[in-house]
Amino acid sequence: MGFSSFIVLLFLGGEIALFLIRKFSVPIDCFTFLVLLFNFAAVGVFAVFLSKMAIIVTQGYLVAIGMLVAYWFTLLPEWTTWVLLVALALYDLAAVLLPVGPLRLLVELAISRDEDIPALVYEARPVINHDQGSGEYEGQRRAWRRRRELGNDSESDHNIGTSDAEVTAPLIQNRVSSVVDGQESSVASTDNSFLEGIGLGSSGAIKLGLGDFIFYSVLVGRAAMYDFMTVYACYLAIIAGLGVTLMLLALYQQALPALPVSIAFGVLFYFLTRLLLEEFVVQCSLNLVMF
């Protein structure tokens, strides 16, 4: 995966850089360009995979990878792009929700090993400092696994209530220990989203697969080839779809696919905007001719 990211940044990014250099007549020699491009790609691999850099750097490179891949997807024929978007949204739905879905198995395996997901994942800024809550997060992850195991072993309400008490005990103990040590000034209430939401990272931040960003960008890029009004409509549709997905995540508290709702809204708004705009333009033209 690191090699794939290096190739994306080096070759696809280099092609875009050459296009911009020719477009704006940037005075640069080939050796300087190659050195800068190689360093850009190498630092990107280190930022995403091999070292802990500032979160803004890692996020920037993830967004750059998403934009570069999305740009080349927009070079496909129009109907091929739409079929690809719908097919991948359906695949994402099956891969996350089915018991044998590969993405579901990957997330469960990562949590059972107490490790981060080994993939290109965009992580929002952590809500709590690692230095202040590392012990608390370890207790939360253990509690999440314990609740999952107890939930699979028992179906009765009595057993579920007992498991809740057993699960929250380590978390409460960790919080009390933190207060005694002076690391926290007050005891916060237990948040079930930390315990159950496998869309959350170990730092409490929401994580989203980079593939979702790529195909959001493909949708907006395809809309940009038509007009800006369609771009705005698709952008707002994707944001609305993400909001619906986050609400469903809070409701069901399990891993959810991020593509289906946003892609469905985006495709619907794209074609509605195109049809409405074309109808509006035709009506305006007829009125002008009649006038």
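Here the Cβ of each residue, glycine as well, is placed from N, Cα and C on the backbone.
Bear in mind that TrEMBL entries carry predicted annotations, made automatically and left uncurated.
According to TrEMBL, the feature transmembrane segment maps to 7-25, 31-50, 55-73, 79-100, 232-252, 258-277.
Among residues of the same chain six or more beyond the transmembrane segment (258-277), those with a C-beta under 8 A of the stretch's C-beta atoms are 82, 85-86, 88-90, 92-93, 208-209, 211-212, 215-216, 219-220, 222-223, 226-227, 229-230, 233-234, 236-238, 240-242, 244-245, 248. When each of 7-25, 79-100, 232-252 is checked for Cβ pairs under 8 Å to the transmembrane segment (55-73), 7-25 comes out on top. Through the fold, the transmembrane segment (7-25) approaches residues 33, 37-38, 40-41, 44-45, 61, 64-65, 68-69, 71-72 of its own chain, all at least 6 residues removed from its boundaries and within a Cβ separation under 8 Å.
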